[in-house]
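Visitor: I'd like to ask some things about the structure below.
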Ligand code: G16
């Protein structure tokens with residue numbers, strides 16, 4: 001593409017998607033995320049970048065997802081998906097940030113510089129898949145994304161409203177047709193098909209109940225489960241709540257993030273004692289479970305619980321299949337409950353790696369295992385299987401002794417239920433239901449595996465959250481000076497006390513996490529650390545208060 005054809009990049013920007021804000025925006029934990037009205041030019045420019053990325057990848061398809069996932073309705077966001085369905089390569093995040101922030105006048109020259117820097121062959125074809133969540137601002141942003149793709153003569157394909165993981169899945173399938181068919185229907189066929197397959201091999205027994213209540217967070221995940229529900233027959237009876245009607249607002253007092261952080265049941269769900277409920281987030285990439293007991297006490301089964309459940313079942317199948325030389329490992333973040341890490345290492349005897357927040361970091365670390373189970377405590381995660389592991393399992397499924405074959409075949413179905421590209425609430429839900437069914441477990445019995453340490457998360461608003469720097473997988477704070485020393489002093493008196501702080505990459509806040517031996521202590525420690533952040537990192541608004 002000759003440089004003169006980059007004029008159209010400027011023309012589209014000036015006429016249709018001008019930069020209207022000077023607020024600096026950064027590619028964060030999961031792409032760009034802010035108030036929707038500040039994003040149109042950013043999304044248009046990411047359309048340009050997706051085309052350049054596709055050409056650098058020899059014309060392989062790149063994904064663009066318009067979503068702000070767990071954030072409330074006024075926010076929106078955009079993230080790029082690499083050809084294997086994984087998050088954008090981290091070295092490109094700085095390029096994305098640069099392109100998003102230049103003035104309209106500098107857009108043409110910056111685009112040319114980036115093309116040169118990454119050595120993109122602009123004569124190649126380029127393909128970009130675009131998906132969006134249910135926010136009312138998403139269609140306009142998806143149109144800006146498509147214009148960005150068109151401006152650099154790429155081919156956009158719009159998927160309309162899909163979950164984030166569906167878009168990741170379709171990108172992967174488009175670039176690797178052995179993985180599946182790159183359509184929403186193809187996704188259902190593979191993932192739901194494998195679930196139905198495995199359920200026919202397992203008898204429903206013990207305390208397992210085929211009824212599952214679901215909190216759809218008033219987002220896209222619940223809507224898609226409503227489609228899937230009809231094809232499930234008697235295998236699983238889904239009772240769906242918070243599907244977006246009746247005035248329910250996206251992620252507001254409902255959904256996985258609300259349930260995990262507030263440790264409260266969502267609004268909009270009819271509860272029955274001990275009935276397990278699956279709670280999704282707004283774009284269907286996170287999942288937590290919970291149940292209320294007969295005194296309405298909340299019992300949370302979060303990402304740590306899902307990880308341990310899946311890892312122990314996979315270990316059981318690998319052992320039963322007598323597969324040799326398959327190394328399984330688990331990846332967590334600093335938010336993982338201390339009790340879960342102890343259970344995984346001491347009881348399951350599975351190695352654990354701790355990395356920074358953000359599925360991109362977890363996914364990367366999980367690749368170092370033959371089977372990598374990665375989950376954030378907030379319910380974002382999946383399982384990835386190396387080609388080597390899949391090959392070994394397939395061979396046993398064909399050639400092993402009857403008992404080995406049976407275990408290996410179950411494992412192959414389990415692999416097919418898994419969306420290996422990224423954390424996926426729908427795929428994870430079917431994985432969890434498979435294990436609960438195979439083991440005859442109720443939610444209450446699932447919870448008995450270990451006792452969580454009580455914990456609390458808080459948010460503190462500061463002038464500039466990037467004044468906080470961290471190291472050691474975000475467990476230690478290196479700036480502002482003195483804050484870590486203060487946190488250490490605050491933690492010291494608490495039995496099983498642990499606390500850390502980090503700037504959020506999706507919201508304009510500093511996150512505070514604390515755990516201790518009692519809920520009262522965890523709440524108090526979190527509040528004390530929040531006060532220290534407020535005082536030492538330039539807090540704004542109301543000073544956090546201690547619990548009374
Ligand atoms: C995104 C990321 C997650 C991360 C979460 C919160 O989730 O994909 O990996 O845990 O943001 O990140 P932070 O604490 O930096 O705000 P989602 O579901 O919002 O896309």
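Numbers here mean position along the shown chain, with the first residue as 1.
Just so you know, glycine gets a Cβ as well, placed from its N, Cα and C.
TrEMBL labels come from automatic prediction, so no person has curated them.
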Visitor: Looking at Mg(2+) binding as recorded in TrEMBL, which candidate out of 69, 91, 499, 504 goes with 281, 283, 285?
Guide: 69
Visitor: Which one of these stretches, 61-101, 181-288, 302-439, 494-531, has the most C-beta pairs shorter than 8 Å to the domain 'Alpha-D-phosphohexomutase alpha/beta/alpha' (109-172)?
Guide: 61-101
Visitor: Determine the binding-site residues, out of 69, 281, 503, lying near ligand 1 in the sense that the CB is under 6 Å from one of its atoms, and give them in sequence order.
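Guide: The qualifying binding-site residues are 69, 281.
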Visitor: Using all protein chains in view, find how many other C-beta atoms are within 10 Å of the C-beta of residue 283 (Mg(2+) binding site).
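Guide: Around residue 283 (Mg(2+) binding site), other Cβ atoms within 10 Å: 34.
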Visitor: Quick one: pull the CA-CA distance for residue 69 (Mg(2+) binding site) versus residue 378 (substrate binding site), whole Å only.
Guide: 13
Visitor: Is it possible to list how many residues within the domain 'Alpha-D-phosphohexomutase C-terminal' (494-531) are helical, extended or coil according to DSSP?
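Guide: When I sort the residues of the domain 'Alpha-D-phosphohexomutase C-terminal' (494-531) into the three classes, I find 13 helix, 12 strand, 13 coil.
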